[in-house]
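Input: a single structure, listed below in structure tokens.
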């Protein structure tokens with residue numbers, strides 16, 4: 001699949017952005033000394049002419065004593081590829097944070113402190129054998145050690161940990177894999193308690209971070225022990241001023257977050273000693289330094305790191321701070337850094353992966369942007385904007401605990417309840433008897449009491465559901481309820497339309513398989529709402545997928561509608577009962593939750609009534625090539641959602657390859673999430689559960705059934721890449737309908 005927007009963990013895009021900016025910064029900065037001084041002098045004149053940012057900027061000084069970075073060797077023998085942006089954003093980028101585990105991990109530098117007396121003799125013997133190699137545990141500062149490398153050190157020693165070979169060459173590096181070789185040579189293997197001998201982790205002794213008062217990250221620098229020749233962080237900031245000043249200059253000339261180059265109206269520093277050392281340097285830039293250093297980590301109580309919106313070129317993956325990015329002049333969907341990348345993408349082989357083939361189709365998809373952004377909520381304009389700042393939106397509403405942490409890259413601090421991924425869902429928090437506890441924020445309750453009477457009809461929009469449920473249109477709970485409401489919409493609308501012979505609305509029990517369910521299982525309690533919407537139906541949800549926590553395999557628990565109790569019953573899992581317990585007419589109906597942590601084609605169990613998959617991305621996982629034939633053999637109604645119309649087309653192609661069947665025309669999901677998803681290399685609109693389609697199975701031999709519908713006739717394909725042209729004011733662009741909202 002060409003685009004992975006909506007399927008890739010946001011933290012990976014964030015990591016690629018950090019490494020891309022840091023690599024550029026290190027390459028241009030060079031080593032500390034005369035070269036750095038000259039570089040800063042060149043930037044000073046440029047920065048003095050920059051426009052002023054009215055926001056306060058903050059230079060954070062964050063010491064680190066306890067966390068190290070361990071660089072792995074990758075899945076293949078030999079040095080790993082590192083974590084350069086080419087690997088993070090290449091043709092086959094990792095999609096999940098767990099995919100980084102073979103290459104990088106975080107380790108505690110305090111491990112092994114217990115039981116040191118028992119291992120003291122072994123450690124002394126190892127030191128003698130290694131020629132006195134020192135430990136990589138926490139190092140105390142020494143007065144005669146320098147915090148930063150000197151000008152005599154080569155530039156490649158300032159490369160970030162895990163950087164790619166290309167980045168090393170740009171910073172003055174040499175042979176392939178030199179980074180990993182240097183780590184192996186300079187850090188001797190250590191025997192640590194509970195671990196096998198391995199290369200000692202790198203220690204990021206200090207992190208310099210430039211942000212504005214709103215939390216937008218503008219620049220970052222890492223001081224790493226050993227590999228960069230620095231000492232560990234002590235109580236002072238000796239020789240840190242040149243590094244900090246270079247970081248400030250580069251952050252103004254090339255801000256990492258968003259916006260054009262600019263200088264702050266005022267700067268504050270989070271360290272008293274560094275503040276004094278910068279008093280004579282910062283005024284050179286035409287920037288006012290605060291009279292006193294910042295005494296707390298954040299300049300204001302509402303501070304939160306903002307969503308970063310640095311875009312990338314679809315072909316070479318350069319970020320917007322490295323090159324000016326413009327969309328294709330014909331479809332306006334794909335971003336390129338210049339004509340060379342546009343032409344390369346236009347002429348890709350085979351033809352059906354080239355932009356020449358996709359350009360008219362993407363133009364048609366872009367015309368749906370206005371329709372997808374049409375939602376009844378009071379915050380619609382904000383959350384459907386291309387510049388939507390999700391982290392700030394959630395933080396401003398106090399949505400920083402429970403299931404809301406699954407939507408944000410920010411991890412709550414001590415004292416905040418968090419549903420850890422991989423644990424039995426909600427077990428510890430269900431004991432209070434409130435099934436909606438994990439959906440709450442820091443303020444008033446988001447979910448009102450369950451209405452005393454079941455709905456008289458079926459709902460087909462957020463507006464209707466919110467009205468019946470007593471919810472304000474200012475409530476963002478739709479972001480979490482998109483999953484159960486989508487299941488409800490499939491049961492009450494789509495199955496009766498596409499499979500009327502099943503008479504599904506009259507069934508008193510339904511077995512539903514939720515396939516490739518990872519994120520959905522992490523939010524499992526949101527499916528409680530199905531008991532409110534379908535009170536007379538006994539539901540069984542079987543979550544299946546190899547992305548589920550292995551420890552959850554074969555778990556089974558029951559959510560019950562009546563009584564106020566919450567209990568754990570041995571042998572049958574969890575039994576949860578809500579706080580509103582009037583028994584419904586027609587008898588009690590339960591929601592059974594079962595888990596199978598394996599690919600769907602390996603799952604053994606009773607035939608379901610319905611199969612549902614959320615944001616499936618058939619083309620992104622090889623197991624679908626075996627799971628789709630399994631569904632073909634079962635021939636049960638199978639509905640899937642996708643985050644874009646483009647993804648639906650790709651799923652149809654995968655279905656045709658895997659089974660010879662097809663997919664129904666996708667239709668917008670009225671219960672899609674209102675939050676627009678980030679897209680790094682394109683301008684298309686992506687929303688969780690945006691479109692729905694169902695599988696069209698290949699007719700069985702001799703059945704006489706009609707074959708699966710083929711794909712729609714292709715749009716005419718241009719023969720040459722579109723040339724950027726200027727349109728006169730007032731002239732409309734041909735072939736385009738409603739434009740997406742800004």
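Cβ coordinates come from backbone N, Cα and C, glycine included.
For reference, Swiss-Prot has these:
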- 313, 316, 337, 341: Zn(2+) 1 binding site (BINDING)
- 328, 331, 355, 359: Zn(2+) 2 binding site (BINDING)
- 110-127: compositional bias 'Acidic residues' (COMPBIAS)
- 151-161: compositional bias 'Polar residues' (COMPBIAS)
- 166-189: compositional bias 'Basic and acidic residues' (COMPBIAS)
- 708-724: compositional bias 'Pro residues' (COMPBIAS)
- 725-742: compositional bias 'Basic residues' (COMPBIAS)
- 109-199: region 'Disordered' (REGION)
- 565-590: region 'Disordered' (REGION)
- 701-742: region 'Disordered' (REGION)
- 313-359: zinc finger (ZN_FING)
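Distribution of Swiss-Prot features across the structure.
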residue	record	Cβ within 10 Å
313	Zn(2+) 1 binding site	25
316	Zn(2+) 1 binding site	18
328	Zn(2+) 2 binding site	24
331	Zn(2+) 2 binding site	23
337	Zn(2+) 1 binding site	22
341	Zn(2+) 1 binding site	21
355	Zn(2+) 2 binding site	27
359	Zn(2+) 2 binding site	21
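For the zinc finger (313-359), residue counts in helix, strand and coil come to 16 helix, 6 strand, 25 coil, using DSSP. Taking the Cα atom of each, residue 313 (Zn(2+) 1 binding site) and residue 328 (Zn(2+) 2 binding site) are about 11 angstrom apart. Excluding 313, 316, 337, 341 themselves, the residues of that chain whose CB lies within 8 A of the CB mean position for the Zn(2+) 1 site are, in sequence, 312, 314, 315, 317, 318, 323, 325, 336, 338, 340. The closest partner of residue 337 (Zn(2+) 1 binding site) among the binding-site residues, by CA position, is 328; the full candidate set was 328, 331, 355, 359. Within 8 Å of the Cβ centroid of the Zn(2+) 2 site, not counting the listed residues 328, 331, 355, 359, the chain contributes 330, 333, 334, 346, 356, 358, 360, 362, 363, 722. Summarising model confidence by region, the zinc finger (313-359) averages a pLDDT of 93. The CA atom of residue 359 (Zn(2+) 2 binding site) is located 15 Å away from the CA atom of residue 341 (Zn(2+) 1 binding site).
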